[in-house]
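Trainee: So TrEMBL has the following annotated:
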- 12-33: transmembrane segment (TRANSMEM)
- 99-117: transmembrane segment (TRANSMEM)
- 383-402: transmembrane segment (TRANSMEM)
- 409-428: transmembrane segment (TRANSMEM)
- 440-459: transmembrane segment (TRANSMEM)
Amino acid sequence: MKILDRYILKLFLRPFAIVFVVMVLFLLMQWVWKYIDDLVGKGVEWYYIAELLLYFAAQMVPQAIPLSVLLASLMVFGDLGEHMELAALKSAGISLYRMMFPLFWAVTAIAVISFLFNNYVIPVTNLKGETLLRNIASKKPALNIKPGVFYAGIDGFNIKVGEKYGEDKSKLKNIIIYDHTDRLGNIKVISAANGEMRVTPDKQFLEITLYNGYSYEEIQARKRSELERRPFARSSFDKSILRLDLSSFESGDLKRQTGKDFSMLTINQLTVAADSIRKVFDKRINELNGAMLERITTHNENAVIAAQMGFTTDYENSPQDTAALIPEDMLHGLNSEQRSVVLENALRLARSHKSYFDQARLEFHWWRKVIARYHIEKHKKLALAYLAFIMFFTGTALGAIIRKGGLGMPVVISVCTFIVYHVTSFTIEKLGREIVLEPWFSIWLPSLIFTPLAVFLVYKSATDSAIMQWETWQKLIKPLQYLKKINIKYHESPAADQ
């Protein structure tokens, strides 16, 4: 490897690694803020949370790679241009293409790794991560009875304590417990001056020992006279033990799996799944087509109507002139009541068929959308790997244009460029999900749009085109800055105040 290649690779790999780690952490923090409510207060062990974060950090890798490539390549060539190294290399007869050569192979390796990671690692992390997240989110909050606040975490009971004291906060004062196990409202109330609570050794029950208290219960009246009197029962006790079931607080197997979706499959599995769904879809189409044909051509209801109207239903033994069976002739000679019956039945049948056809159409569209999601996911794995090349060419050209290194201008331009691509990609992908565009085309269309633009920028930068020089754009912007200064001076002048 030549010295120039090693030098450029060294300039590229260091910022790439730093930006990659920062982007993964940034995207992971976005995920944490999104699901923070599902994670806190559940009493889940720390290693489950750490494992969950590891799974979802892995999911951010394919998204972080393109932006890291863009920013790193922009910083490399921006830094070379800022320190006049780019001009020196060009004056020595080394073209921009030659400078890009070692980075091209580095980006190729990164793209291959990104694809393999996205195809083989991401499905596993999606499956395990989504399973773990779903099981944690469905877990009930940890038992945490706070003084002065009603606690409704235990099924069928609402508990409030005035004070908790003692070394382990197990001593209680001023206890109120609403018993909702009968699901009839606040008809059972227990109050006590003092108490003590403990969890049984098997952690299946919470035992609350109450001292010097009362129990109130409204008696459900069966007669209207009893309802008006509103009877209730009251009893006092010196000591009472209440056992509350805590089985719903068990963690269980937080890693139990319930199933897979399209984001948890490799390309081969997505292809097989899409083909299987397509076969089911085709079978369903044939079934619905047969049912539609039967509904349209069936004579059962027509025979009933004909019998009511006095027509014969023996078609084989009653040859008739078919020209006489057109609707006008069939209605001719019928009184208004008979015509009304015929028209109402025809209208009812038409509405029934239309409703059936509409439901079938919606079902067809749903099946097509399901199949489209599998094809979209399959092509997205390839498109994300290819995106690294687009970002590399774009970053190289923009870096050679702005000739600014560091984390200032390159970060701004990189973020803006990536946002434009992301918004375009998301919008077009949505059209593919809704079957407005072909699923594969909706994924590759953003790449087809940005690839010529990236190649054009590289070509113009390599040929030192005037339009690709930063000074040219500064000259275009300068008149606008001059107009801004005139506007500021006008507002500051005394004439403007008058």
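Cβ atoms here come from the backbone N, Cα and C positions, even for glycine.
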Trainee: With the transmembrane segment (409-428) as the reference, which stretch in 12-33, 99-117, 383-402, 440-459 has the largest tally of C-beta pairs below 8 Å?
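Mentor: It is 383-402, which has the most Cβ pairs under 8 Å.
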Trainee: With Cβ-Cβ distances below 8 Å as the criterion, list the same-chain residues six or more beyond the ends of the transmembrane segment (12-33) that contact it, or say none.
Mentor: 39, 53, 56-57, 60-61, 63-65, 67-69, 71-73, 75-76, 103, 106
Trainee: In terms of Cβ proximity under 8 Å, which residues at least six beyond the ends of the transmembrane segment (383-402) contact it?
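Mentor: Distant contacts of the transmembrane segment (383-402): 62-63, 65-67, 69-81, 86, 96, 100, 103-104, 107-108, 110-112, 114-115, 118, 409-410, 413-414, 417-418, 421, 443-444, 446-447, 450-451, 453-455, 457-458, 460-461, 468-470.
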